[in-house]
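Visitor: Below is one structure. I have some questions about it.
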Amino acid sequence: MEGGGKPNSASNSRDDGNSVYPSKAPATGPAAADKRLGTPPGGGAAGKEHGNSVCFKVDGGGGEEPAGSFEDAEGPRRQYGFMQRQFTSMLQPGVNKFSLRMFGSQKAVEKEQERVKTAGFWIIHPYSDFRFYWDLIMLIMMVGNLVIIPVGITFFTEQTTTPWIIFNVASDTVFLLDLIMNFRTGTVNEDSSEIILDPKVIKMNYLKSWFVVDFISSIPVDYIFLIVEKGMDSEVYKTARALRIVRFTKILSLLRLLRLSRLIRYIHQWEEIFHMTYDLASAVVRIFNLIGMMLLLCHWDGCLQFLVPLLQDFPPDCWVSLNEMVNDSWGKQYSYALFKAMSHMLCIGYGAQAPVSMSDLWITMLSMIVGATCYAMFVGHATALIQSLDSSRRQYQEKYKQVEQYMSFHKLPADMRQKIHDYYEHRYQGKIFDEENILSELNDPLREEIVNFNCRKLVATMPLFANADPNFVTAMLSKLRFEVFQPGDYIIREGAVGKKMYFIQHGVAGVITKSSKEMKLTDGSYFGEICLLTKGRRTASVRADTYCRLYSLSVDNFNEVLEEYPMMRRAFETVAIDRLDRIGKKNSILLQKFQKDLNTGVFNNQENEILKQIVKHDREMVQAIPPINYPQMTALNCTSSTTTPTSRMRTQSPPVYTATSLSHSNLHSPSPSTQTPQPSAILSPCSYTTAVCSPPIQSPLATRTFHYASPTASQLSLMQQPQPQLQQSQVQQTQPQPQPQPQQPQQQQQQQQQQQQQQQQQQQQQQPQTPGSSTPKNEVHKSTQALHNTNLTREVRPLSASQPSLPHEVSTMISRPHPTVGESLASIPQPMATVHSTGLQAGSRSTVPQRVTLFRQMSSGAIPPNRGVPPAPPPPAAVQRESPSVLNKDPDAEKPRFASNL
């Protein structure tokens, strides 16, 4: 029984963890034998392992509990390891916005964390989370010390009270801990911006810099002095010397104010942090720092104003005794002292009264010097800070002041000054940036990203960019330059040399041509590319109807980009041909190149579909409107449409024609009213056949050739609407009464015109008429009549003194009457006798020529002489004598209709 109980007791002892008994003898007897027989072969080993408490493999049930005890021992170790890792991570720089700005990327931050781990034990990184929160606590403690300590030293006589001692001991302890941490905190090398983590280098740098000041401000020198004095004879302490000791202790307590250096350093670090993260927060922090420093200096000065009389036992001539404030409360004493100090520092007076004693006088002068210096520094810093907050607006104001001085120097008129002011307001919007310089300093990917973002609205509204290669869009946008045009500004002028093309970001512009239609361009449209493709002159004028914000592209940059993207060049050329077709013009260079591309087969199906979509969108974006300046204009007013802008400016009234031109043979049946034509939204491609009625005024070529179709009635009906006809009574009212002249030349001219009318009617009847035409056979087309009746090279001279010469198109295209005159230029009688109407004139009346060459207009408005065709013979003397009588008309009849009184 005993032998059986011992194993149980042994097993119980194993359960308790006491498995080793060195003083116990080994068991003997049958029980021991039974135990040896009953114990498995591995039982001894298992028991041995259990006795050593290191059991990783257990046979049977004897090893389960030691494994649980091992897990119980590992729990505190794991918890300690977790806390140690957390605390170590706080000493390392965290992945935050500030550290990413400092080191550049997350990989660099992780590399810096590894440096901290390998630097040594308890090395604190200056940008770690632990140092951040510790500096925040130290900042609050320093502000409290710098405010409370001067008040306690000055206005409280008892320095040994329990609250005061607790406050001083706690603050001194915290500052001593900060002193120790500075030996383990890494420093930043100002030369290389590298963070030093070597403990030896950190220690040497701190000992050479701020250690002495921090050590003196952290040691409680006043309490050490009091402890030493209390160890001496108590009789001595109670004598008059005790008062001096207290005074000296107060002075020693002022050494804690040297903690101001730490405050300045910490504030500077926080300014750097806010400056690198938030510009506005940095400005706010700087403003609060300036205000706080001014208030702190005023607080110290106020305490000094009262401390000096206190150390002198309040002499009778000091300001405290004069105001009878020796026994007042400390709040009243502090208020008067602060008012006196701020009056000195702000240079606005001496406070309640002027200083009397010598000590007050010197303190007042010191306050004035310190206050003036601080005030100047505050004003300077505040001014620089305000200017730095909005430097772009300040640059705009300086720039506009120069513009105002320029306008005053040149004495520009008021309306022009207003236009310049409006331009600057819409162009810069109150801020000026050197955008070109800013973008040039960036790398290519960042610059392209910025340009794509700035022009996102243009890309979104422009079909050409929507269907183009993204690389082409980026290359094109990087070459653009921003421009602004005011309402009424001519962006491009017809006939000028083209050096830029424009993309409309926002605004409305009108395309002005010589036809009876004006087209509008809106957001996403572009123009001016035709000259860049052909190296020619402008084919139309574009005028801004509203404030237009455009992007311009120079010809060099245009060609540079299109050389890399030939498909986009073909897209520009296709759209240019379609646009010229819509305004009734052609360009041989573009047509030849387009035909060459078709013959060579460079277009594939995909490109054809893309080009069709681009042309379709371009037609949809262009808005065609009827003319608004000529409400009574007929369908093809060749007289006004072919007049140059210079001649219109020079001539304020339509030309005067002879009264004899209004014969009965030239008048048709009257129409109810003159109707304004209603043009279609988009001109059809067949408008090339009518291009002769609206040729360009200032062409880059010396001559321009236009093709005529056969003069059928259907085409005549397309080219000209029925002209308003006057009754005979209306003609008599509009005709001025000429002076009596011989009637024989007039009768000859009328007979000649009647013969010409009959011949033309016979020719019209002989020609086949197109089916579906509504034009009667006896209708005479005005433009063909002018070609029949006159020589193409003959110069038609005006009869108005206000118009020196008409443009050359009048001699080739005279198709409709002027609204105010009511007669056609085709009915002007030819100033020549019947005997001269032979030869070339007869040949020209026989048929309509298939090709008509229009000469370029000269500066004087006349036509250069034709070298290929001999000039017509001069008119007879009888007709020359008749012209003066034609000009001698009633002046009263002409005044309401003409600007010049003839």
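Placement of Cβ uses the backbone N, Cα and C atoms for every residue, glycine included.
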Visitor: Report which of Asn327, Asn791 appears in Swiss-Prot with the annotation N-linked glycosylation site.
Guide: Asn327
Visitor: Can you check whether Swiss-Prot puts Ile227 on the same side of the membrane as Glu324?
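Guide: Topo match: yes.
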Visitor: Grab the same-chain neighbours of the topological domain 'Extracellular' (356-360) for me: Cβ-Cβ under 8 Å, and only residues 6 or more beyond its ends, written as numbers and ranges.
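Guide: For the topological domain 'Extracellular' (356-360), the list is 308-309, 312, 315, 317-319, 322.
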Visitor: Do any residues at least six apart in sequence from Cys531 (3',5'-cyclic AMP binding site), in the same chain, have a Cβ closer than 8 Å to its Cβ, and if so which, in order?
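Guide: Same-chain residues close to Cys531 (3',5'-cyclic AMP binding site) (Cβ under 8 Å, separated by 6 or more) are Val497, Gly498, Lys499, Met501, Arg537, Arg538, Thr539, Val555.
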Visitor: Secondary structure at Arg579 (3',5'-cyclic AMP binding site) (DSSP, helix/strand/coil)?
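Guide: Note: Arg579 (3',5'-cyclic AMP binding site) is helical by DSSP.
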Visitor: Need a quick answer: max count of Cβ pairs under 8 Å to the transmembrane segment (285-307), which of 132-153, 163-183, 205-225, 250-270 is it?
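Guide: It is 132-153 that shares the most Cβ pairs under 8 Å with the transmembrane segment (285-307).
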Visitor: Given the transmembrane segment (163-183), which of the listed stretches 205-225, 250-270, 361-381 has the most Cβ pairs that are under 8 Å apart from it?
Guide: 205-225
Visitor: Can you check what DSSP calls Gly528 (3',5'-cyclic AMP binding site), collapsed to helix, strand or coil?
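Guide: SS state of Gly528 (3',5'-cyclic AMP binding site) = coil.
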Visitor: If I take every residue in the topological domain 'Extracellular' (154-162) and average their pLDDT values, what number comes out?
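Guide: Average per-residue pLDDT within the topological domain 'Extracellular' (154-162): 77.
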Visitor: What's the CA to CA span in angstrom from Gly528 (3',5'-cyclic AMP binding site) over to Asn327 (N-linked glycosylation site)?
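Guide: With the alpha carbons as reference points, the distance is 91 Å.
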Visitor: On the Cα atoms of Gly528, Glu529, Cys531, Arg538, Thr539, Arg579, Arg582, which are listed as binding 3',5'-cyclic AMP, what is the maximum pairwise distance in Å?
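Guide: The two farthest binding residues have Cα atoms 17 Å apart.
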